[in-house]
Amino acid sequence: MSGIVKKKEKKTANELTSLAEKIRAKALENQKQHIDAEREGGSESDSEENVSVKEKKTLKPKMKTISSTENENVNEDESFETFSELNLVPELIQACKNLNYSKPTPIQSKSIPPALEGHDIIGLAQTGSGKTAAFAIPILNRLWHDQEPYYACILAPTRELAQQIKETFDSLGSLMGVRSTCIVGGMNMMDQARDLMRKPHIIIATPGRLMDHLENTKGFSLRKLKFLVMDEADRLLDMEFGPVLDRILKIIPTQERTTYLFSATMTSKIDKLQRASLTNPVKCAVSNKYQTVDTLVQTLMVVPGGLKNTYLIYLLNEFIGKTMIIFTRTKANAERLSGLCNLLEFSATALHGDLNQNQRMGALDLFKAGKRSILVATDVAARGLDIPSVDIVVNYDIPVDSKSYIHRVGRTARAGRSGKSISLVSQYDLELILRIEEVLGKKLPKENVDKNIILTLRDSVDKANGEVVMEMNRRNKEKIARGKGRRGRMMTRENMDMGER
Ligand SMILES: Nc1ncnc2c1ncn2[C@@H]1O[C@H](COP(=O)(O)OP(=O)(O)OP(=O)(O)O)[C@@H](O)[C@H]1O
């Protein structure tokens, strides 16, 4: 549990009712101020990293085939007690020490040795198991011998994850003079072009924005790229990202390039993997396709019709003082629930794709710093984000895709810590939850719920929710009215920032 959040007392139903009454007039104004302040603060940056492979040139030429994904690293006992045993450069060993990495995690033990030998890697391990360092360490180790600009490019599906990967490269490369930059949508193209002209070693990017720079930024090319990493590879290889990925892969070299694919849920579809143009890859798997960690306790709450908000507030009240991420299926639900939580004095912030990038980073910063104990997010926060203080993940809406479930609940119980996930299951979600239980290979136990408390909470929660919906509608109308007046100005700005995704 987060040490930052102070222990609070549970609220009674009457308290919640009178609280809702008392603060109704003031709260929406406060909430507006909160949100405005959140969205003014914070910034996002992008990173990308390039690394080259000297030793690889001494290896046997690799076969241009994907058929050997069966080339599996099957050594079950492969476990190293220290990073020194991996024969890394001293600067990296020291950086691991500085980060309090006392020994390699299982995926690091399994994938770093073949990676150091120059192999392409498919890495599969549970959420929070140290996959980022598993691909960053071999790249940085090679980079130390062969410092060239635009050496490695790491692709990630979300902007926040790209930024986080940059931070890992910067920490691990802190004693090596590594230069990295983050190239993601929603940020200024000109600033990014300037960063690229500084010839970073490592570029961490979201695919769309990287493509924009490859097409439009003079002097920038990845022709000499030595490493390409696809983090959350199954997501990057899916329908949405596939076409842009194909275009990127056409531009960058295949001959001298090493490719790593990492995820907690890897596709086994050969055609998808073929898209990544792997060469004789070694498969390093420390989990099966849909495995959650043992330190995660997963439960569900069966919610009768019309009571979802009440159950959520009940749950927040039960676990007061804990740090939580609440996942919703829609941006509007994320915004609404964040408002509802704040109105009832559970401090929350929203993260979703309708916010601009500064607002997204501002919300994440508030949550990470412990200034908000609840993050209400869409699946934009489902993959990769590493926030150690998260105690509980709540699925307010059950994800349609079982993979999303695995990634969402993996935002807690990371790096050996314990954590809990609770899924709110309505009558409409029964099929979805059965499918999730099937891939998990187990039934999820039900949470005990005090129905009397639910009944006494219901009216006040419904009332508060009504207030929030009214306020959201009012603001939307205002926004539409403002948007009409500003159309000319927005067009100009968009024209200046061509290709923004
Ligand atoms: N060898 C290590 N020893 C201790 N902690 C480590 C080690 N390697 C990584 N970590 C820490 O473990 C946490 C999780 O790592 P990381 O974010 O890379 O997980 P992941 O496997 O990529 O998860 P996800 O699938 O959710 O993206 C991070 O806080 C990281 O600093």
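Cβ from N, Cα, C; glycine included.
Annotated region 'Disordered' per TrEMBL: 30-77 (among others), in sequence order.
Annotation source TrEMBL lists compositional bias 'Basic and acidic residues' at 30-42 (among others).
Taken from TrEMBL, the feature domain 'DEAD-box RNA helicase Q' applies to 81-109. Residue counts for the domain 'DEAD-box RNA helicase Q' (81-109) by DSSP state, with H, G and I taken as helix and E and B as strand, are 16 helix, 0 strand, 13 coil.
Marked as motif 'Q motif' by TrEMBL: 81-109. Counting residues 6+ beyond its ends, the motif 'Q motif' (81-109) has Cβ neighbours under 8 Å at 116, 123, 125, 129-131, 133-134, 137, 140-141, 144-145, 171-176, 284, 286, 415 in the same chain.
The average pLDDT computed for the domain 'Helicase ATP-binding' (112-284) is 94. Positions annotated as domain 'Helicase ATP-binding' by TrEMBL: 112-284.
The feature domain 'Helicase C-terminal' is assigned by TrEMBL to 307-461.
Here TrEMBL flags 480-501 (among others) as region 'Disordered'.
Sequence annotations record features per position, and here TrEMBL assigns compositional bias 'Basic and acidic residues' to 491-501 (among others).
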